[in-house]
Every structure is written in structure tokens, then in C-alpha cells.
Amino acid sequence: MVAPILPDLGTEILIPVCAVIGIVFALFQWFLVSKVTLTAARDSSPNSSGKNGYNDYLIEEEEGINDHNVVLKCAEIQNAISEGATSFLFTEYKYVGIFMVAFAVLIFVFLGSVEGFSTSHQPCTYDQTKICKPALATALFSTISFLLGGITSVISGFLGMKIATYANARTTLEARKGVGKAFIVAFRSGAVMGFLLAANGLLVLYITINLFKIYYGDDWGGLFEAITGYGLGGSSMALFGRVGGGIYTKAADVGADLVGKVERNIPEDDPRNPAVIADNVGDNVGDIAGMGSDLFGSYAESSCAALVVASISSFGVNHELTAMLYPLIISSVGILVCLLTTLFATDFFEIKAVKEIEPALKKQLIISTVFMTVGIAIVSWIALPSSFTIFNFGVQKAVKNWQLFLCVAVGLWAGLIIGFVTEYYTSNAYSPVQDVADSCRTGAATNVIFGLALGYKSVIIPIFAIAISIFVSFSFAAMYGVAVAALGMLSTIATGLAIDAYGPISDNAGGIAEMAGMSHRIRERTDALDAAGNTTAAIGKGFAIGSAALVSLALFGAFVSRAAITTVDVLTPKVFIGLIVGAMLPYWFSAMTMKSVGKAALKMVEEVRRQFNTIPGLMEGTTKPDYATCVKISTDASIKEMIPPGALVMLTPLIVGILFGVETLSGVLAGSLVSGVQIAISASNTGGAWDNAKKYIEAGASEHARSLGPKGSDPHKAAVIGDTIGDPLKDTSGPSLNILIKLMAVESLVFAPFFATHGGLLFKI
């Protein structure tokens, strides 16, 4: 067998260097954003005029608005949003921290009990002729990697939220000089989050592997089995971040919209609305912190699934380090590719008009995918032997390096297809959303019918894309192929997150412009940024759901191998009952999260109505509303309501594995994967379409849109109702479901030795 071109020492240097480059680039982008000052001082740098098609004059100069007061107001609002978001996350992490410690103890006890807490070495699971480290060591190191994954996930979400709240007012202020300048600030801020998350996730995983290797030595199977805890920790935190943040943001959003826009007929983000600060805080804790943790979890799990399968293939058996770390090398090259791609948006091309914003963001996806395809080809050529074997349910399958390249590439391009299909169904530039907007002529009922139909239809092409990528990657390289296909989809995670985080930052920028009393022309620019961000947020969710499907299947394969199941026979009662119950779980989970949003929104609506009815001068704008009470309602409700859905996801694999055994659990995992992906895509796209149908009517950019408007018209009110129904679908239930299918699979993999040894108690009676 020919050794890879890239030597082991080259791999040891390449991975951490790429991670450090990613962190340095993120810090540099943050430095550039920080040069936009939150003071009334004029930017007088000589090279600033003419950049991005605008001179640096301020709109306020010609409209006679007091510039100094506007800037102070923006700084004050930004401070309130930042404080609210930080306060919520600290409260959430306090509760999540308790869970982390409790679950870490559970991992140690369950895995340690597999061999009765024995410290003596045992025959290896996959090769009985070799002696491996004791089960107690796996228990201890799995617990440590779980805590590391959880902490990294929390830090990823928190850093993303801090940069977003740092950048929102700066984006608003730059909008006074031109839409191009505002776009660059919002995009650079998103890039800070994207690169910090991708680089931190890679670096922590790489360091953890090297530290664990000191103890494990040549026992690579045991080493990478212990590493799976990293993915479990990442996704556990993501679940609570997504559900808690999603409930927070939608309770505030629904409360603000129903009373403010529908009942009182005041604009979105009007400072008279008591829920407006809570609404803007919610954008950051849900879409930024939650999404950051979610995609970090996907990255960690797909890496872990690939490493587990590789460790029992020829890479692990022959101790080929470079080939073994192929998944990490893909992620390393991904950081370099995304870095180059980002420069196309911020430095190589200028945004000169509103209509150029969305194409610029779409180009990011295309450029990163094309460059990454070349990167994967190079990596597959230098980091893999020309031929090798991959573990495939008890046998070793011969694979060529070009076949593995195709596995990664098919995942990468499937991600792009899912992104563009999502954009087609959620952007108001295309007919599906325009048809939904048109249906508002006859009221909210037809709007809801059209929106649901759009969501169901939008599932078709993404599912075919996922199915084809699974078929190709499995045919070439079994479950390892599926795992690296998921990694291919996530290889451009830094660009994906930059585009995704751009949305909430632009949304906040528009809210701040409205609350600070800035001119209509500035609000038009921030609205244009926000409308593009709405679509890109939907694309980000599409990526997250698509990658979750592949990750979940790869983890499922690793679980089946680890639990020593040779075939999963759907015709056996044990498996079939698991299959049908697993398919039901996403519905149960969605019901819990949507009802939680409804309950929290009910309290918010009552509070907003109370303030409008009892505070004199509030509607006239002479008195300030009580923002703090609304922030507290959202915080308390989301913390309380995130626990039951979280418990459902975390306890299901434990209960099924212990009581019914690994075969029934394999059925549950398959069922939840199949139904969860469909519901997640349709829910996210339905909500996104309703939101953009409302924005289509509000913007009035075409003759058709103007015939439905203006704001306050009957079609507009019907669109607002559709948007309000869609809010929990696209920002709570839909995005949380992809964590459900991944988390149950990775948890089953971590606990597989325990379930295989002690599980199925009911069938043993």
C-alpha cells in the first residue's frame, strides 16, 4: 500500500496552522468593524470617499437631522439589546451547566459499568486478538470530550452573539453613507462568527485527539470512540440554545407583531412598542447563538462519525495518521477557501445598489463551492493512499482515493443545491413567494393554505439531493463515505455562517434605525439588507438540515457497527415498533416547541396590551414603554419551556436502549431521521415564505406588490398573520428538529457499549 504524499509531520503542522489563520482572520475582521465608531465624530480618512459607490456624506446632513443625537440613540439601543442578550445567555447557560455536569456523571457511570468498572485491559471490540484499554478509560475520556464539546459549543454561540450585538448599530450608522458600506459591516461581522466557530471547533478537536493519544498510544479504536463525546457535548448545548433561543425570539416577535402591527397599526420596530427590545434581543439569542451552536454540533458529529469508522478501517489498523485525519484536513482547507471567498464580498467587488446585495451573497455560496471542490481534489490526492479499505458492517471494503473525493464533492454540491432550492422557495424575487403574497387578497386563510403547500413542495428537490448523495457516497465508501459527504457539506461552514449571521445583524440594524428615528431613506436601505438576510437565513437552515440528515445517517452507521448489529431488519417486530415510534418523535417535539412559543407569546401579548391601555402618552410617543418587563417575560418563558423538549430528546435513546435494546433503538433512529428531515425542511421554508411575502407587500417594489399594499391594508394584515404563524415554524420547531435527529444518533453511539451489554431489559424478563 502506497503511503500518502503528505507526511505525518505535514498534517501535524497543517491542521493547527489553518485553525490559527482562521482565528487571526476573524480577529482582523472584528478590528475592521470596530473602526466604525459609535460616536458622532466624522470619518475623515482620506481613502474613504468613493468606496462602494458612495461618498461619505451623511443623509442627515441634507435632511437637517441632528447627527449627534441619532448616534447617541443608536449606541443606547445597541447597549440595551446587548445587555438583554447577555443576560439571557448567562441565565440559560447556568441551567445548561447543571445539566452538563449531571449528564457527564451519567456518561461516566454507564460506560464505566460496561466491564464492571474494571481497570484491567480487555480484548478489542473489532479484533479479539488484540488487547485494548479498559472500558473505564473510555468512560473517563468520553466524559472529558463531552464537557469539551459542550464548552466549545457554548463559547461559539456566546462569541457569535457578542459580535452581532457589537455590529448591529454600526451597520445602521454605516447605512447613512450607503448600502454598500452597511453591507460590508454586517457581512464582516458575520464572518467573525463563522471563522471563530470553524477554527475553534477544529483546533479544540485536534488538540483533544493529540492529548488523548498520549494515553491511548496504538489503541486508535478506543481513542476515537472516546472522541465521540465531543460531538455529543456540542449538540446537547445546541439543542438547548436552539430551543431556548427560538422560544425567546418568537414569543417577543409574535407579541410585538400581533398587538403593534395588527391591533395598533404602528410600524415594525416602533419604539412605542414595549416588546421591541425583546424582539431584537431574540434575533441574536435564537438565530446567532442557536445557529452557531447548531452548526458547530453538526461539524463535531460528522468529524467524530468519520473518525470512528476510519479508526477500525485500514487507516486506524495500519496507524496512518495523515489518512486518519483526512476529515480534519478537509475542514482545514475549508477555512482557507472561505477566507479567500470572503474577500470577494468585502474587497474584490463593490456593492453599489440594493439589487446587488442578494446576488453578492449567492456568489459567496457558488465561489466557495467551486474553490472547495478543487481543494478537496488536492487533499484527496496528497492525504490519502491510492487504495485502502473501509470498515463496512464487519467486512473491509476496498476504496480508491478518487472515490472518496467524489463522496466529499457530492455532499458539497448537494449542499449548494439545497441552498438554491431553499432560496427559490423563500425569496420574494421568485414566483412561489409572490403567489403566497397574492393569496393574501382573499384573507389570512388562503395565505396559510398557499404557505403550507409551498413548504410541502419545497421538500422534494432537497430530499432527492440528499438521497443521491447518500447513494453515491455509500456505494463508494460505505458509512465512511456518508460521514465525509456530510463534512463536504459543512466544509464551507465559515462562509455559510457568515451569510447566516448577516441576516439577524441586518434585521437588528433596521430595528435600531426605526427606534432611533432615522430617516425613511436609511430605513429603506436597512430593509433591503434585511430582506436579503431573510433569504440567506433560510439557506443557512437548509444547509443545517441537509447536513444533519447525512450526519445522522453516518452516526447511525457507526452506532450499528459499535453495537455489533449486522443487519437492521424492518420486518422484525423489535425494529418496526422502533421505526414507527421514531417517526412520531419529531411531531411530538414540534408540538411541544410550538405550544411553548404560543404560551410565551400569550403572556407577551397581554403585557403589551396592558402597557398600551394603562400607560398614558404611550401611543403619542411622549412616554417610554417598560421594555424590561417584556424582556423578563421572554427570558422566564424560554428557560422554563426549553426543558421538556430537551428532556424528550435526551431521554428517548436512554429509555429505548435500556428497556428495548439496540435493535429497537436502531429503528427509532431510522424513523426519526426519515420523518424529522421532511418536517424540518417544510416548516423552515413555509415560515420563511410567509415572512418574505409580508416583506414583499411592505416594500412595494413592483406594480403587483403595490396593488396589495400599503402597510395596514387588508392583504398586508393577512400577510402579517401568516408571518406570525410561520415564526415558530421557521425559528423554533424547524431548526431544532435537525438537532433532534443528530443528537439522538450521537447519544446512541456514545452509549452503544452500555446498551449492547446491559440493554433490552424488557426482552430479558
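Here the Cβ of each residue, glycine as well, is placed from N, Cα and C on the backbone.
Record features (TrEMBL):
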- 13-33: transmembrane segment (TRANSMEM)
- 95-114: transmembrane segment (TRANSMEM)
- 134-161: transmembrane segment (TRANSMEM)
- 182-209: transmembrane segment (TRANSMEM)
- 324-345: transmembrane segment (TRANSMEM)
- 365-383: transmembrane segment (TRANSMEM)
- 403-426: transmembrane segment (TRANSMEM)
- 447-472: transmembrane segment (TRANSMEM)
- 478-499: transmembrane segment (TRANSMEM)
- 543-565: transmembrane segment (TRANSMEM)
- 571-589: transmembrane segment (TRANSMEM)
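Below 8 angstroms of C-beta separation, residues 6, 163, 166-167, 170, 185, 188-189, 191-196, 198-200, 202-203, 206-207, 325, 328-329, 332-333, 335-336, 339, 342, 494 of the same chain, each at least six residues beyond the ends of the transmembrane segment (13-33), sit close to that stretch. Cβ atoms under 8 Å from those of the transmembrane segment (324-345) belong to residues 6, 11, 14-15, 18-19, 21-22, 25, 29, 184, 187, 191, 194-195, 198-199, 201-202, 205-206, 209, 220, 299, 302-303, 306-307, 310-311, 315-316, 360-361, 363-364, 367-368, 371-372, 375-376, 378-380, 383-384, 404, 408, 483-484, 487-488, 490-495, 498 of the same chain, restricted to positions at least 6 beyond its ends.
By the Cβ criterion (distance under 8 Å, sequence gap of 6 or more), the transmembrane segment (365-383) is not counted as touching the transmembrane segment (571-589), fewer than 3 such pairs being found. Three or more CB pairs closer than 8 A are found between the transmembrane segment (543-565) and the transmembrane segment (447-472), so contact between the two stretches is assigned (pairs 6 or more residues apart).
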